[in-house]
Amino acid sequence: MVSYKVNIYTGDLAHFSTFHDFRITLVGTDGESNPTKLTTWIPSFKLNPFTHKVECTTPLGDLLAIIVQKEHHLLFPNGSWFVAKVVVESPMGDIYQFPIYRWITDCKDHYFQEGSGWFTLSTLQRKNTLTLWDQPKDGLPYNIKAESYKALPLDASFSNKKKIEMWLTIGTALAELKLIEWIEHKMKWTNIEDIRRLHCCHRTKISEYVYQNWKEDSFFGYQFLNGVNPMMIQRCVTLPENFQVTDEMVFKDGKQSLTDEMKKGNIFLCDYKMLDGVKANIIDGKQQYLAAPLVLLHKTDDKLMPIAIQLKQIPAEDNPVFFPTDSEWDWLLAKTFVKNADFNMHELSSHLLRTHLLAEVFTVALLRQIPMMHPLYKVLLIISWNVFTQSFSCLTLFASSGGEGMFTILRKALSSMTYRSLCLPDDISDRGLEDVPNFFYRDDGLKLWDIIHSFVKGILQYYYQSNQMVQEDQALQKWIGDIYSYGFLSEKNTGIPKRFDTVGELVKFVTMVIFTCSAQHSAVNAGQYDFIGWMPNCPATLERPPPSKKGEATEKTLLDTLPSSDITVQSMAAVWLLSKESTDSFLGNYPEQRFIEDVPLKNIKVFKEQLKELSLQIKARNKALELAYTYLDPEVVENSVSV
């Protein structure tokens, strides 16, 4: 007889453990053990690790897998057990590790491969066949099929710490912001300082800067680069035919021309044409309004300054072009409609679609198609779900694009989204933004992209030593096939690959997935209260139509256009929740050690070191800035989309 020492580790909390007896079978190259019953009268978390002996008549050779079965318990028939890992020591002193990190909720056999044997035992590996696709609306990405959040499988749910955070509601946010007394008021604002009373209840350093500078043209331009939505701006090489701006309109001194400035790369455009024709929301029986503006900006003295705004797409007599030389209130009102359009594009396209919904697509495809010992499964620790979280649902109630308009924008955004736009180096190049000064989203983002790419390349090249290995990995090909079909609805124009033919293609795509679910989400999420908390800077909705004439706007016109007090406090609470800093793991910190080989472990160590160095660089740069850009500091970038 030979004896194998088996160490079973659970999670570090009581509810991760089990009162159940369980059986374990060791599977090796030379045979397998009999199922061995492991019994303890004390819940296994009290004995972490729980150690037992498995006796065999002869050695089993190299261990390939274990089979674990939880036995039925009379008092706890539905008890769940979180198994972290199993470590087996053979009679010859060899150590075999089985990283599991999975809930066992039934009394069936569960097969787990040895941590380094992902190519050798495909017959024993079981996929999560219960994970199904569901499409919430035609023309939108599919998501996981579940009647509610509670119906999600435990392995697809938030951590318990995150669940506690997600119990927050708009009501608790209002309490934190000390705004509960305002929620029942439905009054229109009579002066800007009344809004300031709300904002004073909770201010951040950046939100205070926003309050002080929201009217300034230079700050208006700055936000297209380093605000919460750096996705709209692009270099302008030819004016759109529907934006009939002349040199005389924007350069009063006659010393410059649009043609020359465009050739020099100094003219930029933000075009919100995707909002054209969208049916605006009705809130409390009152019609809301949403413009589809075009904004022209001029780079001067290393700043982006707005020089022309047209609020509707089709030129007409009742659609004037506004300029900085117009009256104070005409110009400020025009900028306010732009910021409202930007809010709606940000929340629905840049934030919800391009991070939350895509993260869910990537993850559901992973659960459906990739075995848990597969290196791709290990590197993509992105179990993140959207199913329209409370904060998003509430926010859309108070936005100009709420109701059916929301789905119209999402459909348009998905149909126009491309693979290149999801890959930051390609996106920056395609938008002509390589040399725009003071573009910290680009600078920090490209450095993060390179660090993630180097990390992914080092790990995947270790496992895939030829293009042929990529081509023959059927699980990998099914994963990208699911993403192409259910995430991008088989649209060829997106450029999303249907399959992977080379290691390089795989590395780039996985880099994009990690960047999207971590850095990109941080860039468009973390600063929401900073920039939107002061409502006049970025109103969620507007209650009057865009101006059709110049010279009529006053301060009262602006105040009548802004949302009422109850909508203001509701939207403040929603963005407060959405941008609330999480306590989950941050980029580079993986609490679950799924890799066991030296090469990937070394890559993780280098990855952490590079992220730490980038964090120090960003902090040093920010010390010299009037307004720090912190949202892509690796110290605050979470591993996944989590709110």
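Cβ atoms are placed via backbone N, Cα and C, with glycine included.
Per TrEMBL, the feature Fe cation binding site maps to His351, His356, His521. Cβ contacts within 10 Å of His521 (Fe cation binding site), excluding its own Cβ and spanning all protein chains shown: 25.
Annotated domain 'PLAT' per TrEMBL: 2-118, in sequence order.
Residues or ranges marked as domain 'Lipoxygenase' in TrEMBL: 102-643.
What TrEMBL lists as site 'Essential for stabilizing binding to COTL1' is Trp103. Cβ-based neighbour count (10 Å, all protein chains) for Trp103 (site 'Essential for stabilizing binding to COTL1') stands at 17.
For His351 (Fe cation binding site), the same-chain residues that are 6 or more apart in sequence and have a Cβ closer than 8 Å to its Cβ are Val228, His521, Val524, Asn525. Averaged across the domain 'Lipoxygenase' (102-643), pLDDT for the predicted model comes to 88. Listed in sequence order, the residues Ser350, Leu352, Arg354, Thr355, Ala359, Gln520, Val524, Asn525, Val641 complete the 8 Å Cβ shell around the Fe cation site centroid, once His351, His356, His521 themselves are left out. Between the CA atoms of His356 (Fe cation binding site) and Trp103 (site 'Essential for stabilizing binding to COTL1') there is a gap of 24 Å, rounded to the nearest whole number.
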